[in-house]
Amino acid sequence: MKILFVEPAIFLSAFAMTLTSPLTTQYVYRRIWEETGNYTFSSDSNISECEKNKSSPIFAFQEEVQKKVSRFNLQMDISGLIPGLVSTFILLSISDHYGRKFPMILSSVGALATSVWLCLLCYFAFPFQLLIASTFIGAFCGNYTTFWGACFAYIVDQCKEHKQKTIRIAVIDFLLGLVTGLTGLSSGYFIRELGFGWSFLIIAASLAVNLIYILFFLGDPVKECSSQNVTMSCSEGFKNLFYRTYMLFKNASGKRRFLLCLLLFTTITYFFVVIGIAPIFILYELDSPLCWNEVFIGYGSALGSASFLTSFLGIWLFSYCMEDIHMAFIGIFTTMTGMVMTAFASTTLMMFLARVPFLFTIVPFSVLRSMLSKVVRSTEQGILFACIAFLETLGGVTAVSTFNGIYSATVAWYPGFTFLLSAGLLLLPAISLCVVKCTSWNEGSYELLIQEESSEDASDRAC
């Protein structure tokens, strides 16, 4: 008897992803620090290796380290761009016919291989530049975007009512927040008490358990309910893949097509800003004047991850008194406020207070996915989430690369510039949502519109 709950897989994968990101950044930071100059990095200190006096030679040295780390992150992200785009789009698109488990399994294998490589890299002190090669190879198996896309499609397959989709997706975001919050809070203690080697080994073990659960315990309703088993060549498969993507937009009426494109644009522009700025927080906190150590960085990550919990509570409460689109507006404008506050944060207290407006940052992610799923047919959910994941992979890598490049170029004269730029860029999804609102967005009316189009298609086929 197979289990139809994907939540345990999401739990383990979120733990691994949340722990990997800050650990890898700080590991690379320490390696570059030690290899760039003759300064030793003290891991027992209660403060970070950070000089606040601008006339000190160490201050110029740490600015150089910041630039090198930012550039290396840029190289890593670009190395996984093309294989990640191709694998994400293909794996999620074919999941409509071959089941949601396949992309979950392959992306989990890639994540496990990457974490094992991190263990070896740390234990044998291999050149850290080899991380670029592991990122490139791991991206061929899919990435976390592929995994989340498959999980969301898996959940949508089981939801019959539209309101149920919004709540269920919000529950997943809540679960992500709970895991990432606790993991982020403890990440500094992982480094301090266990070191990088054992921490990476724990990540690999959790990913191995996750893979075992998906392979042997998780059921696949799409594959089990599929009544046809068509064998086709590789070229025919690719043609069918792109044809279904084309038909997703072609079969829609003019108004629904316009709305679909507009919602995709809103989702990706918001994703671009939020994901692009995320890695900059750690570099910003390590640098002067904050000079945070690994424990404070863990606290900051935990506060950032708390937005998953507060976003879930916000969606749960707001869904009784307002539409999805109004919740998305709240999330965008509060995030914009947080970006501006972060840009001017110069003390630890100010930086913690700057995290408060980010409480509803995840709300737009949940409600925009839900809004998108409401304007397509049930048979188009897989290809829709493939498009979303493809655009998120492209947008995410481009965003991280862009923001790392901007931060590297501006850190010397004003580190907070990147956050001010992010606040300005958030006007794009806000304006786009205003246009959606002006088209008289109504969830029930679009449900009826889809039903009418489906009945028209059925009558055309009957004729």
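Cβ atoms are placed via backbone N, Cα and C, with glycine included.
If you look up Swiss-Prot, you'll see ASN38 (among others) marked as N-linked glycosylation site, on the strength of sequence analysis.
If you look up Swiss-Prot, you'll see ASN46 (among others) marked as N-linked glycosylation site, on the strength of sequence analysis.
Under the heading N-linked glycosylation site, Swiss-Prot lists ASN53 (among others).
Per Swiss-Prot, motif 'Tyrosine-based lysosomal-sorting motif' is recorded for 446-449. For the motif 'Tyrosine-based lysosomal-sorting motif' (446-449), the model's average pLDDT works out to 53.
Beyond the ends of the signal peptide (1-20), by six or more residues, the same chain brings 104, 108, 111, 115, 118, 144, 147, 151, 154-155, 158, 172, 175-176, 179-180, 183-184, 187, 190, 199-200, 202-203, 206-207, 209-210, 213-214, 217-221, 301, 305 to within a C-beta distance below 8 angstroms of the stretch. For 1-20, the entry in Swiss-Prot reads signal peptide, with the evidence type sequence analysis.
The topological domain 'Extracellular' annotation in Swiss-Prot covers 21-73 (among others).
Summarising the annotation, Swiss-Prot assigns topological domain 'Cytoplasmic' to 95-101 (among others). Using DSSP to sort the residues of the topological domain 'Cytoplasmic' (95-101) gives these counts of helix, strand and coil: 5 helix, 0 strand, 2 coil.
Long-range neighbours of the topological domain 'Extracellular' (125-133) within the same chain, counting only residues 6 or more positions beyond its ends whose Cβ lies under 8 Å from a Cβ of the stretch, are 24, 27-28, 31-32, 72, 75-76, 79, 117-118. Among the features that Swiss-Prot reports, topological domain 'Extracellular' is placed at 125-133 (among others), with the record citing sequence analysis.
Residues annotated as topological domain 'Cytoplasmic' in Swiss-Prot: 157-170 (among others).
The feature topological domain 'Extracellular' is assigned by Swiss-Prot to 192-197 (among others). Here the topological domain 'Extracellular' (192-197) is broken down by DSSP into helix, strand and coil counts: 6 helix, 0 strand, 0 coil.
Annotation comment: Swiss-Prot describes 219-261 (among others) as topological domain 'Cytoplasmic', evidence class sequence analysis.
The topological domain 'Extracellular' annotation in Swiss-Prot covers 283-294 (among others), and the record cites sequence analysis as its basis.
Per Swiss-Prot, the feature topological domain 'Cytoplasmic' maps to 316-324 (among others); the stated evidence is sequence analysis. Counted with DSSP, the topological domain 'Cytoplasmic' (316-324) comes out as 4 helix, 0 strand, 5 coil.
Per Swiss-Prot, topological domain 'Cytoplasmic' is recorded for 369-382 (among others), and the stated evidence type is sequence analysis.
Sequence-distant contacts of the topological domain 'Extracellular' (404-415), counting only residues of its own chain at least 6 positions beyond either end whose CB sits under 8 Å from a CB of the stretch, comprise 63, 66-67, 70-71, 73-74, 77, 279-280, 283-284, 287, 421. The feature topological domain 'Extracellular' is assigned by Swiss-Prot to 404-415 (among others).
The topological domain 'Cytoplasmic' annotation in Swiss-Prot covers 437-463 (among others) and is backed by sequence analysis.
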Annotated stretches the transmembrane segment (134-156) and the transmembrane segment (295-315) touching (3 or more Cβ pairs under 8 Å): no
Of 102-124, 262-282, 295-315, 416-436, whichever stretch has the most CB pairs under 8 A to the transmembrane segment (198-218): 102-124
Contact check, the transmembrane segment (74-94) vs the transmembrane segment (383-403), 3+ Cβ pairs under 8 Å, seq sep 6+: yes
Remote residues contacting the transmembrane segment (102-124) - C-beta distance under 8 A, at least 6 residues beyond either end: 6, 9, 13, 16-17, 20, 24, 27, 87, 91-92, 94-95, 130-131, 134-135, 137-144, 146-147, 149-151, 154, 196-197, 200-201, 203-204, 207-208, 210-211, 214-215, 218
Residues from the same chain, set at least six apart from the ends of the transmembrane segment (295-315), whose C-beta lies under 8 A from its own: 18, 22, 26, 48, 166-167, 170-171, 173-178, 180-189, 192, 281-282, 285-286, 327, 330-331, 348, 351-352, 355, 358-363, 366-367
Same-chain residues at least 6 beyond the ends of the topological domain 'Extracellular' (192-197) whose Cβ lies under 8 Å from its Cβ atoms: 23, 27, 43, 119, 122-123, 294-295
Spatial neighbours of the transmembrane segment (171-191) far in sequence, C-beta under 8 Å, 6+ residues away: 7, 10-11, 14-15, 17-19, 22-23, 26, 43, 151-152, 155, 199, 202, 293-302, 304-313, 315, 362, 365-366
